[in-house]
Structure formats: C-alpha cells, structure tokens
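Chemist: Provided herewith is a single structure, encoded as structure tokens, for subsequent inquiry.
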Amino acid sequence: MTLHRFLAACRRQPTDATPVWFMRQAGRYMPEYRAIRERYGFLDMVKTPELAAEITMQPLLAFPVDAAIIFADILPLLEGIGLQLTYEQGEGPVIHNPLRSSADIAALRDADPRETVAYTIQAIRLVKRELEERAPLIGFSGAPFTLAAYAVEGGSSRDHRLTKALMYAEPQAWRDLMERLTTQVSAYLIAQIEAGADAVQLFDSWAGALAPGDYAEYVLPFVQQCIINVRAGCGVVPPPPIIYFGVGMSGMLGMLRQTDADVIGLDWRIYLDDGWAQVGPGVAVQGNLDPHTLLAPWSDVRRRAADILDRAASRPGHIFNLGHGIVPETPVDTVRRLAEFVHEYSAEETYD
C-alpha cells in the first residue's frame with residue numbers, strides 16, 4: 001500500500017509534494033475551537049475523549065493538512081506519578097508540589113499511562129475511527145527533560161535555575177528522576193501507538209536552555225533510551241516514525257542526530273538547509289517557518305515559505321511546519337492559504 005505523503009517523508013521517501021501540518025493546528029485561532037473553549041476548561045477538553053477527538057479533527061476539516069495531531073497536553077502525564085497540576089488564568093500550568101529534593105523524587109508513584117492518561121488513549125481511538133484512511137495521526141509526549149523542568153520549577157521558567165541546580169548538585173537524584181520520566185514517556189508513546197497513532201513526536205520545549213555539554217551528559221541518553229524503548233516495545237514492524245523537536249537547539253543540531261529519531265524538528269532560528277546539513281542526510285527534517293510570520297501580509301508569508309521550500313531543494317524527507325506552535329492571533333485564512341501554497345509550490349518541483 002502506498003504510504004501517505006507525511007509518512008513517506010518521515011522515511012525520506014519521494015512524495016508528490018511536500019507534506020504540511022502545523023504544531024498547535026487545533027487551537028485558539030480557530031473559531032470552532034473557541035466555541036468549545038467558552039464552555040469547558042482546558043484540562044476538561046483534554047480529559048474528555050469526545051471533545052479531544054472533535055478538536056483534533058477541526059483542522060482536518062478546515063485545511064488541506066497532511067496529518068492530524070491528537071489534541072492533548074504534555075503535563076497530565078505528571079499527575080499520574082503524584083504531581084498536582086492546575087492551569088491558572090494568566091499564569092499557565094502550575095505544579096503545586098514541585099520536586100526540589102531527592103526525597104521528593106523518591107516519593108513519586110509508579111504508574112501505567114494506559115490508566116493515568118487513558119482519556120488521551122481513548123481520544124486516539126476515536127480519531128482513528130473518524131479519520132479512516134484520510135490522514136495519519138500523530139501522537140506525542142513531552143520529552144523527559146521538559147517534563148522534569150516543569151516538575152522541578154513548578155511551572156514555566158525563563159532560566160530554569162532550580163532545574164539546573166538539582167541537576168548539578170544532586171546528579172543521582174537527577175538520574176533517578178529522568179529514569180522515572182523515561183519509563184513514563186516510553187510507556188505513554190507505546191500506548192498511543194497501540195491505540196492507532198501512526199507517528200509520535202517528542203517535544204523538548206526547554207532543552208535549548210542547556211549548554212551543549214549539559215545536554216549531552218544529562219539529557220541526551222534519556223532521549224535515546226525513550227526512542228529505543230518505543231521502537232522495541234510498540235509491536236509494530238517497521239516501527240512508526242519518531243519525531244524529536246527541541247526549541248532553541250540550533251547550536252546542538254549535530255548532536256541531535258545521536259538521538260536516532262527518524263525526523264528532527266527545526267525551529268526558525270536557522271536556515272533549513274543549514275540545519276539539515278548539521279543533522280545529516282540520514283534524517284528527515286520538519287519545519288521551520290517562524291509562527292509569527294503568519295501575522296504578516298500574505299505576500300510576506302508566501303515569500304518566506306517559498307524560501308524554506310527552495311532550501312529543501314526537493315530532497316525527500318522534508319515536512320513543512322512552523323518552528324513552534326501557531327499563535328492565537330493567526331488569521332485562519334492564512335493557515336489555509338499556506339497549506340495550499342506548500343502543496344502547489346512544491347508539486348512544481350521534481351521529488352525523486
């Protein structure tokens with residue numbers, strides 16, 4: 001059977017046009033999403049499978065995107081091991097019992113994500129039934145470091161000083177935490193694949209806060225172990241593609257090839273061809289338009305998107321995306337026009 005365009009690109013196979021999807025493609029910029037959000041809290045939407053499935057499908061019905069991504073959040077996974085999570089107005093996520101010591105880490109519970117985040121697993125099943133063969137479905141998780149950073153800081157942070165302090169001062173406690181989170185993330189992604197996810201993405205939103213040497217020592221081995229675990233445990237041959245996306249990591253791209261991910265996501269802080277050269281020819285790349293570009297006039301959006309496609313130079317293995325999630329102020333029509341443009345412009349090139 002012919003692979004969907006997105007899955008073919010993940011495996012660096014020729015496609016008739018560049019596949020496109022957008023991080024946070026189901027979100028506040030869409031009126032359909034806002035209509036649901038007016039009636040439900042964010043975590044209620046995440047934890048109600050029928051709502052999460054409906055929201056996941058909204059972009060597929062509105063735009064010619066080549067993949068769906070399950071509507072979920074990275075942080076509820078932490079609730080299962082004993083952390084207390086709320087979303088506060090104007091503050092974002094808050095962990096009310098952050099991890100600040102080896103004793104805090106030792107007190108974490110063992111848990112099975114199939115039970116603790118069963119609502120997301122069920123949402124994946126519902127979406128797969130509705131999608132049928134129309135488009136692949138992407139599952140995802142936060143990567144161990146990013147989850148650890150939220151758990152230690154108690155929420156978002158500009159400098160991650162508490163996380164780094166724990167990492168440096170209590171290296172054994174740090175390893176214990178990362179091993180626990182690696183086990184959780186691996187099991188969660190495997191459960192998503194078992195439920196029908198066709199590919200999975202690891203979001204390492206905060207890894208760019210680290211020095212390269214610290215990333216290599218304290219983070220990379222656990223990303224590698226996650227990917228090994230998922231491939232070995234998912235029961236699918238060949239295993240579904242795994243995407244690794246870290247924000248602010250342009251200075252570490254050469255190291256990211258060591259993750260052994262099938263696809264490396266690039267943010268907007270590097271030219272796509274330069275980033276691809278650094279991760280190497282044996283890896284597909286995803287990206288990398290600055291999401292704020294979508295606030296510009298269409299002529300500017302088109303020019304910048306064309307530049308990215310030109311830099312990809314028709315090489316198999318490029319998935320067009322943004323360098324981060326769609327921002328709430330983005331015009332819906334710009335998203336639609338961009339998806340159409342990527343297909344039309346890239347189809348004029350030869351993909352072989």
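Each residue, glycine too, has its Cβ placed from N, Cα and C.
Just lifted these from Swiss-Prot, have a look:
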BINDING   R24, Q25, A26, G27, R28, D73, Y150, S205, H324  substrate binding site
SITE      D73  site 'Transition state stabilizer'
Chemist: Counting across all protein chains present, how many other Cβ atoms fall within 10 Å of the Cβ of D73 (site 'Transition state stabilizer')?
Modeler: 19
Chemist: Please compare the binding-site residues R24, R28, H324 by how many other CB atoms fall within 10 Å of each one's CB, and tell me which has the fewest.
Modeler: R28
Chemist: Whole-number Å distance between the CA of A26 (substrate binding site) and the CA of D73 (site 'Transition state stabilizer')?
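Modeler: About 12 Å separate the Cα atoms of these two residues.
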Chemist: May I ask for the distance between H324 (substrate binding site) and D73 (site 'Transition state stabilizer'), taken between their Cα atoms and rounded to an integer number of Å?
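Modeler: Cα-Cα distance, H324 (substrate binding site) to D73 (site 'Transition state stabilizer'): 15 Å.
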Chemist: Sequence gap of 6 or more, C-beta under 8 Å: which same-chain residues meet both conditions with respect to Y150 (substrate binding site)?
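Modeler: Spatial neighbours, sequence-distant, of Y150 (substrate binding site): L75, L78, P93, I95, G142, S156.
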Chemist: In Å, rounded, how far does the Cα of R28 (substrate binding site) sit from the Cα of D73 (site 'Transition state stabilizer')?
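Modeler: One finds 14 Å between the Cα atoms of these residues.
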